Amino acid sequence: MADRAALEDLVRVQGERVRGLKQQKASAEQIEEEVAKLLKLKAQLGPDEGKPKFVLKTPKGTRDYSPRQMAVREKVFDVIISCFKRHGAEVIDTPVFELKETLTGKYGEDSKLIYDLKDQGGELLSLRYDLTVPFARYLAMNKLTNIKRYHIAKVYRRDNPAMTRGRYREFYQCDFDIAGQFDPMIPDAECLKIMCEILSSLQIGDFLVKVNDRRILDGMFAVCGVPDSKFRTICSSVDKLDKVSWEEVKNEMVVEKGLAPEVADRIGDYVQQHGGVSLVEQLLQDPKLSQNKQALEGLGDLKLLFEYLTLFGIADKISFDLSLARGLDYYTGVIYEAVLLQPPARAGEEPLGVGSVAAGGRYDGLVGMFDPKGRKVPCVGLSIGVERIFSIVEQRLEALEEKVRTTETQVLVASAQKKLLEERLKLISELWDAGIKAELLYKKNPKLLNQLQYCEEAGIPLVAIIGEQELKDGVIKLRSVASREEVDVRREDLVEEIKRRTSQPLCIC
């Protein structure tokens, strides 16, 4: 056993030697010679019979986040949370798994994407698919009829991941919801305002918010001749129009879902329309749609919504789009989805949508599904697609080769001479106690050059340098890493001077 351990050490050392030569760009002959030695040692070692073999990887559809990536995420979260708080929201949290029956039947065709947990002889459980259904369960369980809340947490979907486009099996959702009985469209307009504020603040590019209403869709299906039993499944097909052509959607409706071709054609005449309040007014005059009670209610509310959106100054960002369906079963009224716009390929063309980054809508019946007496609590909300936003921000930073600070350290406590560790420890303790974010190198006698290089690499803006002369004079030499300018600051004034110099927020995205 001891011989094997010695041989493993030799393999490790030889492996490091080969890697070192490759980094140094040594000659091919030299590298080849050392690789041959490594292979010979590995052959002597033989197979790892006693060791279990496993692959070091994260599960499909998940990822780790480096300090750099986490710094970007925190910045994005800060923007989102500050907006939610600005609009008066409280924060809640719910369990990562729910009773399976809580989630069943709420997501339409997407229910197949729910992760069911193995039965441990107790309750049947599933990982949460979104934050909306747990919120509705929370309201019903606590008999709440009025709350404005936000919730940021991970959700889980057994989907086919597309990691480069920010689609994962485990991902964060950032939800904001208003529950309660209020006058029509005022909370809905605020949700759209919040969506626009967040996307504008994140500066990820031009965006458009598509708006529709489930009542308009249901009314449209009814006047087109869709059987009641097919409303939801046809709705799911229409929802794919942002990804595939009308011909493919029509084919799915007719071939796979058994809809009559002439009914599909009538749907096509409607769902390919989009515009502003003028389209709402046009449809209010539509001879068929205006005769449907549900559609008429939806169109009336949308007209009112556009009035409020104009007052909020965001009507130019909103498009009434009859193809927007939002596949989830629980929506009952206004629905919306924000997409990023790709600049047009040629002048005169319309900008293309390159992916959804936020969505939401009204779901007045969901809480009643959980209430023993069926009491309804009207709700409207939105969800920010942060994973997609993280991917966009990361790609942008990589393209710009922009350096991202992964710490918030304001100052490094350094020494200019040897045998000053005790003084460094005393000073850094004073700074920590005063709320200053400070670091020091974990060496007794670090070289000043190494300390300054560490600051440059880590993006630390200031260095507090202690030297023998400074100790005698009762001062600390404060150095700006960027300008290399140095000033003597009295020890009792050091905290205020550091605060003054580092008061500007550090931008990382």
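Each Cβ is built from the backbone N, Cα and C atoms, and glycine gets one as well.
Here the structure is a predicted model, which means the values were calculated and not measured.
Coiled coil is the annotation TrEMBL gives to one range among 222-249, 362-389, 390-417, and that range is 390-417. Restricting the average to the domain 'Aminoacyl-transfer RNA synthetases class-II family profile' (61-393) gives a pLDDT of 90. Burial estimate for the binding-site residues (THR132, GLN173): highest at THR132, by number of other CB atoms within 10 Å. With every protein chain in view, the residue among the binding-site residues ASP130, ARG326, TYR331 whose Cβ has the most Cβ partners within 10 Å turns out to be TYR331. Residues in the domain 'WHEP-TRS' (3-59) partition by DSSP class (helix H, G, I; strand E, B; coil) as 39 helix, 0 strand, 18 coil.
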